[in-house]
Amino acid sequence: MKEELETANRPDNTAFTQQRLPAWQPMLSAGIVIPGFVLIGLAFIGIGVALFIASQNITVLEKDYTGVEITSDCYKCSNPSDKNCTCKLDFSLSNLFEGPVFFYYGLSNYFQSQRSYGVSKDDYQLSGDLDYFKTPISACSPYQYDANQNPIVPCGSLANSMFNDTFKLYQIVNGTKKLVPFDGKGIAWWTDYNIKYRNPSVTPLKNAFNGTVKPPFWSKPAYELDTSDPSNNGFVNQDFLVWMRRAALPDFRKLYRRITEGDYASGLPAGNYSLEIGYNYPVLSFGGRKKVVFSNVSWMGGKNQFLGIAYLVVGSLCVVMSTVMLIVYAKFKFPEDD
Amino acid sequence: SRKVDSRTIYVGHRPCPTTEALIPPKFCDNRIVSSKYTVWNFLPKNLFEQFRRIANFYFLIIFLVQVIVDTPTSPVTSGLPLFFVITVTAIKQGYEDWLRHKADNEVNKYLVTVLEDGRRARKESEKIKVGDVVEVVEDETFPCDLILLQSSREDETCFVTTASLDGESNHKTHYTVPDTEKNLESLSATIECEQPQPDLYKFVTVFSRCVVFFRSLGPENLLLKGATLKNTQKIYGVAVYSGMETKMALNYQGKSQKRSAVEKSINAFLLVYLCILVSKALVCTTLKYVWQSRPGQDEPWYNQKTQKEKDTNLYLKMFTDFLSFMVLFNFIIPVSMYVTVEMQKFLGSFFISWDKDFFDPEIQEGALVNTSDLNEELGQVEYVFTDKTGTLTQNNMEFIECCIDGFQYKYADSGTELDGFCVTDGPVSMLQQKAGREKEELFLRALCLCHTVQVKEATGQGDGVGDGMIHPADLRGFIASSPDEVALVKGAMKYGFKFLGMESKNMRVMNRNNDVETYELLHVLNFDPVRRRMSVIVRTKSGDTMLFCKGADSSIFPRVRQEEVDRIRMHVERNATEGYRTLCVAYKLLSSEEYDQADTGLREAKLALQDREEKLMAVYNQVETGMSLIGATAVEDRLQEEAAETMEALQGAGMKVWVLTGDKMETAKSTCYACRLFQRSTELLELTVRTLHSWAKSKPVSAFSVPPRSWSSANQDYGFIIDGATLSLVLNSSPDSNSSCYKSLFLQICQNCTTVLCCRMAPLQKAQIVKMVKNSKGSPITLSIGDGANDVSMILEAHVGIGIKGREGRQAVRNSDYAIPKLKHLKKLLLGHGHLYYVRIAHLVQYFFYKNLCFILPQFLYQFFCGYSQQPLYDAAYLTMYNICFTSMPILANSLLEQHICMEVLMDNAALYRDVAKNAMLRWGPFLYWTLLGVYQGLLFFFGVRFLFSNPALQDNGQVFGNWSYGTIVFTVLVFTVTLKLAMDTRHWTWINHFVIWGSLAFYMFFSFFWGGIICNQKRVKQIKIYILSLRFVT
C-alpha cells in the first residue's frame, strides 16, 4: 500500500523529466575556431574566385534604342502617334561573341512590381477556365470589359501591357544582310509553360475566344500571337509567359530569343550587324528606357560580379579574423578551460 | 421582529408556537459556485475577456482592417494565427472551468443526511436549507456552517480540524449548545445570529428555545463548512449559513493575477516595435505620395486606374494606404510570440513538478506549481521574505529546560555546558532541591494545568493526525492547539507530573508520588495574539481558587512583581539568544470575592451580543494582574534541514533575506544566527520599542533624530532588527510631513543591510513590509516563503509566493504560486530552475523580436522598388507560416531545454545568479543588440538579393527570375539564417534540438519544393544554397 503510494507520487526519474538528456555542449576553443575560420575563409575565397572568373568571362553587349537622342535612328519612332515604325540599330563586333548568345530586351523605370498592376490578371482565366472567359474577375478592371461590355481575354493590365516590339538581327556580310536565326523556344519558365498557364481544351483555339475581345493594346488576339507555330499561341505563348512573370525591380530585362542555330550556334562572329526594330512600345510617357542586351551565360547565369566579390570579401574577412585571433591567442594563451 | 443586521433561524423549520406566524425567511441555497462560465455564456464571456488583452485586441483590429480595406495580404494571414491563439486559450480556460465545475459538483452533489420530520433523509449537499438539522459523521467535512446541537461524545464536545480554512491542522474542541433537549425532533428553537461575515473567529448568536430560555453562542459552537469532524462518531447541527454565505465562501478570495517582470519588458518592447511599425507605415505612405506627384509615375499607361480609384477622395486614399502598410508590416508584432511564450511557460513549469530533487519521501509529495506565469521570476528575486516558524525552523517543539524561581533545570541527557550558578542536571524524576520543593511542584502543576491540551484516547492505530504524538512510554497522545503546549505538558511529564486528561470539567494530574490530583476547571482565558498569554482558573480539592497564566515574557513581566522578574529575566533572555522559545509561568491565588467578581464578569461578557471580544478582553486584563512569577520554560524549535546552507546560497546569489516572524526578537535573532543570516561580524542595528525608550530618555525629540551612523565601510555587513510595534509607528505614523520621510529613511536603512529581521509581526504587517519593498525605487522582485496561514497575506502580496508543505496545513500552499516540501528546495528552485527559466524566456523574447524584425525589414525595403504599392515581398503562405511552422519549433525547444550552464554548476556557484539579476537580459542594451542584429541582417538579406538581381538571369539557360523568386530567395536565406543563429546560440544540444532545428529546415525545403511550383528547378535550388551559405557567413 505504501509503496504503491510512493510510486504514484514520486516524479518519473527519466532523463527528460529531470532535464538530464544527454547533450552535446559545443566548446568553442581556439583549437577549433581558428582552423575552422581559416578553412571556411579559404573555401569561400575559392568559390569567390571561381564565380568571379566565370563572371569575367561573360561578354555583354547592351544598346539603348529608346531614341531619345536625335542622332539615334529610333528617334523618329519615339513619337507615340507613329504606328508601325521601324528603326535600326547598327553595331559591330571585333571578336567572336561566344555562343550560345542570349538576346534580352530591357526596360527601366517600369514598375512591373506594383501591386495593383500585378494583381490585375485572372489566374482562372489564364489556366483555361472558360467560365472566366465570360466574366473575368474584377481585379482585372479597368481591363475587364471593353466599352461594349465584352469580356477582355486575357484580361487585366499585366496582359494588356505586353511588350510588343519586334526584333530582327542581320549580319552585314559583304554589304548584304544575312538573317541571324532566333530561337524562341524554352525562354519561359517550365512551371509557367506546363502548369500555371493552360489554354482551354477547345479546337481550334480560336473558338474558345468567341464573344471575347483582345486586350485594347494588343494588335493581334491571343490565339494569333505566333502565326508560324500554332502550338505557341494563346496563353502558352512563350513571349506572353515571359512577360507575365513579373520582374522584381523597376529596371529589368527579359529573355527574348536565343541564338543557337545555323552558322551562329557557336556565337556571333566578328563583323557588322544591324538590328531591325519594330518600334511599338511607348515608354517615354513615364520616363522609361528600352534597350537590347546580347549576353552569353556561364554555369552561374548572366554576368554578375557581385556574388564573386561577396564570396571573396567574406572569405578574406574570415582569414583576417582567424589571423587576428591567432595573434591574440598566441599573445595571451588563454587556458583551454577558460 | 427581525433586525436588519441579524437573521432568525428556526431549527428544523419548526416555528415556536408562541411567536407570530412563521414567515419563511429567504436564504440562499447551499450551492457553491466557483466556476466562471456556464455552457451558455462561455463563448461570449470568454471572448470578451480574451479581447480585453491589448495584444489580442490589436490583432483583432488588424484582422478587421484586412477584411474591410483592400490590403495586400489576405485576412487569413493574420486571422488564422489569431483564431488559433483564441481557440487554444479558450480551450485551456474552458478546461480549467470544467475542472472547477467538477469540483463544485463534487461538493454540491455530495450526499448528506438531514433530519426531516423525524426521518433521516439523504439529500444532496446543495439542497440543504438554512434551518435544516444535518448529521455529520467522523472524517466528513461539514457541508455548511452548522451550530452544534448534539454530539456522540459524552462530554458534549466534538473535535474538528480547520486545516483547509486557516491552515491549523491541530484538533479544536467545539461545544454543543448547552442544556438543549436530547430529542432533536421535538426541539423547536430559534437562533438569532448576525448576517454572514467572513471573520472565521467571530460569531455572536443567541439561541432561544420557545420557552423563555436563552443561551449565547460563540465561535466554539459553530462548525464551519470546510472543516472536518475528527475523533467524534457523529454530530447533529443546524445549518445557519449556507452556500456562498458560509464563512469559507466569504473568505475565498480569488488570487489576483500576478504579472512577471518579463511580461512588462515584452510590453515595453512591443511599444517600441509598434512605433517602428507606425513609422514604417508613415514613411511609406508619405513617400508614396511624393513619388506619385512626379510626372508619369502616378498612372503610367500600362497601369491605368479604375474609375473607382479615380473617384476616391485623396485623404481617404491616403488613410487606406496607411492602413494597408500597417497590415503589410504588422507581422513585426507576432501573435505567435504570445502563443510560444504561453506554451513555454506552461510546458516549462512541468520540469519543476517533475523534479525528483523536490520529492520529499516524508510527505510523499514533490513540488507543486500553481501558476506557470512566474517561472522566470524565480530567476529575478532580489528580496526574500521568509517566515521563521515552520519555514526556517521545523515547528517541532522539544522541551529543553526550565527555570524555576531563578534556578535553571535542565533535562539530564542534554549535554550542553551550563554556566556556574545554574543547577546542572537532575535525575528524571528528581529535581535538585534548589528552588524549594514547593516552588518546583507549583511550577510543574502550572505546566500541567495551564493549557488546552486534550488527551487522545489510545484507540490504537487510525488517525495519528495532528500533533497528537504518541508517547512511547504510555500509549497516549495529546491534542493541542499549539505544539508548544504539548511540549510543555510532555516536559512536565519528564519531571514526574503527568496530565491524565479531563473528566467532566475536572483536570486530573498524577503527581510524583503517583497520586492523582483533581482540579475543577472553572474558566479558560483563551490565548490570543494580542494578549500573548493564556490563563486557566481552577479550584483545588481543598477549595482554593487559583489562576495559572503562561505567556510571552513581555506580556507577563508587567503583571508580576518586579523582584521576581529580575531573578528570571536573565534566563529568559539567555534562552532566547540560544534560539529557544520561552514562556513565563505565573500564578495567583484568587480570593472568593475576586473569583466571584471575575466569574460574573466573564459570564456577562460571554453573553454579550455586541463587543463581546472587547468586554472579554477587559475582564481578562483585569483578572490577570498582580500575579507572582514562578518560572520560565525553554522549548527548542529545530532548524529545517539545510536551512543555513540555503540561506547562505541565497545571500551569495545577491538576494537580501528578510525574516518576518511573529516570534519575539531574541528567539528570532538566534534563529538568524543559527541560519547564518547574521554572522559574527555582522553589526546589528536595532529599532525596537526598547531601544526607542532608551533613546527617548536621552534625547526626547524623536528616535529618528538620532544622528544616522555613517556606513563605516563597504565590507561591513549590517543586520537590522525592528519589531512590529515600532514598525507600525514607522508605517502608520500621523500623516504629517515627516511620516513619508521616516518610511523612506527606514527603507534606505533596510536596503543597505544584508539581513533584516522583523519580529513580533502581525500577518498584515508582513504584507505591508512586502508591499513597501515591492513599491520602493527600482521595484525589486520580491519572494515570500512561508508555511502557515499567517503567511498567506505576504505570499499573496509578493511577486512570487512560495508555500512550504509543512505541518501547519495547506493554506499557504493553496495560495502560493509554487509549493515545495522543504525549505532546502528553495535553492534549486531559484538558483537552478529560476535562472534557467529566466535565461530561456529572455532569449525567447529577444529572439522572437529579432526574427520578426529581419523578416519584415526586407518587405519594407521592397516598397522602395515597387512604387510604394504595398506589394508583399513574400508569398502569402510564407507570411503566414513563417512564425507558425518554419521558425517556431526550434525556439520553443530551445526555450524548454536550453541549459547554457548546467544545473549543478548553477547551484554550486550562487554568484552566477547575479549575472541575470535585475532583468539583465531584457534591458535596453541587449534589446538594442538584437534589434541592430535584426536590422543588419534584414538589410543584408534584401540588398544582397537586390545586387544579385541586378542581372536577374541566374541560370545557365538564360531565363530571368521574377518578383516571387526574389521574395523566395530572401525568405530562404532568412529562414536559414535565423535558424542557424539559434543553432549558434544553443549551448545544449539534445537530440530534440537537433531534430527540430534540422527538421524545420528540412520541412521548409520540402514545403517550398512543392509550393505552387515556385521552386521546381533543381539548378535553382543549388543556386539558392550557394547563396544562402554566402550570406550566412556575412551575418
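We count from 1, first residue shown onward.
Any Cβ shown, glycine's included, is placed from N, Cα and C.
Remember, it's a predicted structure, so these values are computed and weren't measured experimentally.
Quick look at what TrEMBL lists:
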type     : residues                                                                                                                                   : note
DOMAIN   : B:25-78                                                                                                                                    : domain 'P-type ATPase N-terminal'
TRANSMEM : B:51-69                                                                                                                                    : transmembrane segment
DOMAIN   : B:111-191                                                                                                                                  : domain 'P-type ATPase A'
TRANSMEM : B:268-291                                                                                                                                  : transmembrane segment
TRANSMEM : B:322-341                                                                                                                                  : transmembrane segment
BINDING  : B:ASP387, B:LYS388, B:THR389, B:GLU485, B:PHE527, B:LYS550, B:ARG581, B:THR661, B:GLY662, B:ASP663, B:ARG760, B:LYS766, B:ASN790, B:ASP791 : ATP binding site
ACT_SITE : B:ASP387                                                                                                                                   : active site, 4-aspartylphosphate intermediate
BINDING  : B:ASP387, B:THR389, B:ASP787, B:ASP791                                                                                                     : Mg(2+) binding site
DOMAIN   : B:813-1020                                                                                                                                 : domain 'P-type ATPase C-terminal'
TRANSMEM : B:927-949                                                                                                                                  : transmembrane segment
TRANSMEM : B:964-983                                                                                                                                  : transmembrane segment
TRANSMEM : B:995-1014                                                                                                                                 : transmembrane segment
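Recorded features from TrEMBL, shown on the structure.
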{"residue": "B:ASP387", "record": "ATP binding site", "contacts (Cβ under 8 Å, 6+ apart)": "B:VAL659, B:LEU660, B:THR661, B:LYS766, B:ILE785, B:GLY786, B:ASP787, B:GLY788, B:ASN790, B:ASP791, B:MET794"}
{"residue": "B:THR389", "record": "ATP binding site", "contacts (Cβ under 8 Å, 6+ apart)": "B:ASN395, B:ASP637, B:THR661, B:GLY662, B:ASP663, B:GLY788"}
{"residue": "B:ARG581", "record": "ATP binding site", "contacts (Cβ under 8 Å, 6+ apart)": "B:MET397, B:ASP484, B:ALA634, B:VAL635, B:GLU636, B:ASP637, B:ASP663, B:THR667"}
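The stretch in B:268-291, B:927-949, B:964-983 that contributes the largest number of Cβ pairs under 8 Å to the transmembrane segment (B:322-341) is B:268-291.
Counting Cβ pairs closer than 8 Å to the transmembrane segment (B:927-949), the top stretch among B:51-69, B:268-291, B:995-1014 is B:268-291.
According to its DSSP assignment, B:ASP791 (Mg(2+) binding site) is helical. Mapped onto DSSP classes, the domain 'P-type ATPase A' (B:111-191) shows 7 helix, 42 strand, 32 coil. Within the chain, the transmembrane segment (B:268-291) has long-range Cβ neighbours (under 8 A, six or more residues past its boundaries) at 55, 297, 318, 321-322, 325-326, 329-330, 332-333, 845, 849, 853, 860, 863-864, 867-870, 922, 927, 931.
Contact between the domain 'P-type ATPase A' (B:111-191) and the domain 'P-type ATPase C-terminal' (B:813-1020) is not supported, since fewer than 3 Cβ pairs fall under 8 Å when only residues 6 or more apart in sequence are counted.
Under DSSP, B:ARG760 (ATP binding site) is assigned to coil, being neither helix nor strand in the three-state scheme. The average pLDDT computed for the domain 'P-type ATPase A' (B:111-191) is 78. Candidate binding-site residues: B:PHE527, B:ARG760, B:ASP787, B:ASN790, B:ASP791. Fewest other C-beta atoms within 10 angstroms, B:PHE527.
According to its DSSP assignment, B:GLY662 (ATP binding site) is coil. Under the three-state DSSP scheme, B:ARG581 (ATP binding site) falls in the strand class. Other Cβ atoms within 10 Å of the Cβ of B:GLY662 (ATP binding site), summed over all protein chains shown, number 22.
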